[in-house]
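What follows is a structure written as structure tokens; I'll ask about it next.
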Amino acid sequence: MTALPDPAPGRWQPLRIGLVDLFYYDAEEFWFRDGRLLLRGNNGTGKSKVLALTLPFLLDGDLSARRVEPDADPGKRMEWNLLLGGRHPHPERLGYTWIEFGRRDQESGRAHFRTLLCGLKAVTGRGIARHWYAVTDQRVGEELALLDATGTALSRDRLAEAVTGRGMVYDQAKTYRRAVDEALFGLGERRYAALVDLLIQLRQPQLSKRPNETALSRALTEALPPMDQAVIADVAEAFRSLDEEKEELRAASEAERAASAFLDHYRRYARVATRRRARLPRSEHARYEQLHRDLSQARTEREEAERQRAAAAERIARLEETAVRLAAQDTALRAGPEMRSARELEQAAADARRTAGERARAEGDRDQAAQAHSRALGRLTSAEGRLAAAERQVGNTLRHARETARAARLDDVLGAHDAVPEVELRHAAEDSVARRRRTLDHVEELAARAEQAAGERRTAAHRLDEAQTEAAHTAERQAQAESSVAQAGQDLVDAVREHLDRCTELDLPDPTGLLDALHDWGTHLHGPSPAREQAAAAHRGQAADLADRAAALGRQLAELAERRTVAESELAELEAGGQRGPAAPHTRTPGLRDRTPGAPLWRLVDFHDHVTPDERAGLEAALEASGLLDAWVCPDGTMLEASGHDVLLAPLPSPAPRAGSVLADALRPAVDHGDPRATQVGEPAVSALLATIGLGGTGAPGTWVASDGRFRIGALTGSWSKEAAVYVGEGAREEARRARIATLRGELDALADSTARRETERATVAARRRTLDAELAAVPDDAPCATPTRWPPRRRTPPTGPAPARRNARPNSPRRPGARPKRAPH
């Protein structure tokens, strides 16, 4: 399949024209190049007929021969192009003529197309039986086929189905021209009509041989937009005042030269006088500036002193806070398990000191006992020596006595008395020895006790050394624990501070207070972490705010979507050629007018040409405010069905002639014959209605309206005003429709922008919520501070000195207890 022509960037240009089952053509296309078409051929081949059936006919839509044929021959009727003057083999024929326009958007590069079609059906004996028009963005041959599979041209209904959603089918040339103007030109009804008339005039054959400068100038003038009367008045006024302004300019120039000459002389005088007069102000100003500098310096020094005082006060406050914190730490440490171990160590040290005192006393007792033992041993040795000497002396004495007794022959007497003193003496000696033994045993017992006390002292000293060592280790571990806890707390504070500095959404009300509270919490670790608590509280508040904002944006988007739907529906209706009427009151039964013959008054009348725009606006305002404008006019003036409610406008059965002006002087019947229900009313009924309503606002009773917006209906009176008439007259309704279309397009653009902004805001809120959750989850963990550091207990080592002696044990003595001392040899 041959590729279709592509449009060029810029404005609309014709791309193709075509004829389907028209003239002698079955289906023929003619392509343009750069918006130009060249048709070559012999005379009678149909070149002029192709142009007559396409341009400017497809822009005009008028089937009359004077506008279709280049020579305006009334004998060349449109049905001839179908039936060929009876030479066509069939009694009826249906054909199409079409033209395709295209352009390419310079920004997006997107291609746009518009196809204009006219369908014609001719029947022998009836001429053109029916004709219709269509405007669509479909391309013939690619998206739209004008012939079915059997080669038959599409009927109107089948064409309407083919362009549904992409275009519209029109039965009236007036609505078709309006649609073409809106799709391609946007000139307005009057200027578009002037453009088509100019094209028809320029298309006349042999125009260069019979030039008509007047007609051509008039046509070109009518095609131009009208000049604003205000601009013309301004230009005329400008020309009138030009001479006056020239004279004023000359006088101003002379005055300027004279003033310049005077100013040159006066400037020299003013400079000298100014220097003389300014000497004192300059000196005072210099003094003022110096004082101002001194004042600024003094203020700076005062501010510096204030800052130093504030810094000192802040340092004092920090030191006081540190003192309170250290006191709290001291209290916490004293109440902790480490302090209990320290008190046990102090108690053990006191016990050790008490044991050392007892040991010292025991050693003194032992020394005294040892000294007493030594003295007792000395006395025992001396006593034994004296006993031995006494025994020797007794033995010598007894021996000497025996010798004397033997010499005296007294042996028997001496032998009888010799045994008694020795026994007594021995008993006395043994008693003395026993007493000495007991003394010695007591001394030995004291020595054993002293030795036991010395052992206990050594044990206590060993325990004291162990306790002191354990206390030192405990103090070291406590210091390490405090240092670790302090470092972990400081690390936590630093981590929280850095996290808060990085946070963009999580906003705490008092970060400084949080850091201070977190620092204090690190000294005792009681309760949950302040960072977690305050971050969670701030997260809850800010999350609630973001949720409220997201909900509000959702509601706003729903409202914007609803408004956009309503505006798009209204815009589609207006672009399809629909017209807006006054708003329906709530007292009217919905859908009643769709099934009731007749039409509202505003669709049945139009203004006379002599009525000015201001008077039109005032009359329409009075009719609209009084309810007459939208009142329903029935064909026969009958009432509505019993189940419906509406406001009717019907003439009196036999109206009396009104004195003065009536509404018919300003309005005339203008029934839309394209509306079957409005056609049933008829212009006579409308004229009768207009004759029963007064005009002018004389204050008389009855029913009347005035051009200044006032009205009366019986006892009801009032007034209103509006800028321009928008309902009465096809032209006013068309202008109002175009203005409303422009307004709706602007509203849709604004709604789209608002929707985009709300969507962006909602996405931003969602991103902020995710950031807020992530920042809460990233709050530094307090586990390193909450988990204390533990050390294994220190094992006690047994004392390395000699074991203490058991109670009642005594050291080795020179003899067993109760042993008798060896007697000295005689």
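Here the Cβ of each residue, glycine as well, is placed from N, Cα and C on the backbone.
Take a look at what TrEMBL says about it:
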- 232-259: coiled coil (COILED)
- 281-305: compositional bias 'Basic and acidic residues' (COMPBIAS)
- 340-368: compositional bias 'Basic and acidic residues' (COMPBIAS)
- 452-466: compositional bias 'Basic and acidic residues' (COMPBIAS)
- 803-816: compositional bias 'Low complexity' (COMPBIAS)
- 817-826: compositional bias 'Basic residues' (COMPBIAS)
- 280-305: region 'Disordered' (REGION)
- 336-369: region 'Disordered' (REGION)
- 452-487: region 'Disordered' (REGION)
- 573-596: region 'Disordered' (REGION)
- 777-826: region 'Disordered' (REGION)
Using Cβ atoms and a strict cutoff of less than 8 Å, what residues sit near the compositional bias 'Basic and acidic residues' (340-368) while being 6 or more residues removed from its termini?
446-447, 449-454, 456-458, 460-461, 463-464, 467-468, 470-471, 474-475, 478
How many of the residues that make up the region 'Disordered' (573-596) does DSSP mark as helix, as strand and as coil?
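Secondary-structure breakdown of the region 'Disordered' (573-596): 6 helix, 0 strand, 18 coil.
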By DSSP, what is the split of the compositional bias 'Basic and acidic residues' (340-368) into helix, strand and coil residues?
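Split into helix, strand and coil, the compositional bias 'Basic and acidic residues' (340-368) gives 29 helix, 0 strand, 0 coil.
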Within the compositional bias 'Basic and acidic residues' (452-466), how many residues are helix, strand or coil going by DSSP?
15 helix, 0 strand, 0 coil
Can you count helix, strand and coil residues in the region 'Disordered' (280-305) using DSSP?
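Secondary-structure breakdown of the region 'Disordered' (280-305): 26 helix, 0 strand, 0 coil.
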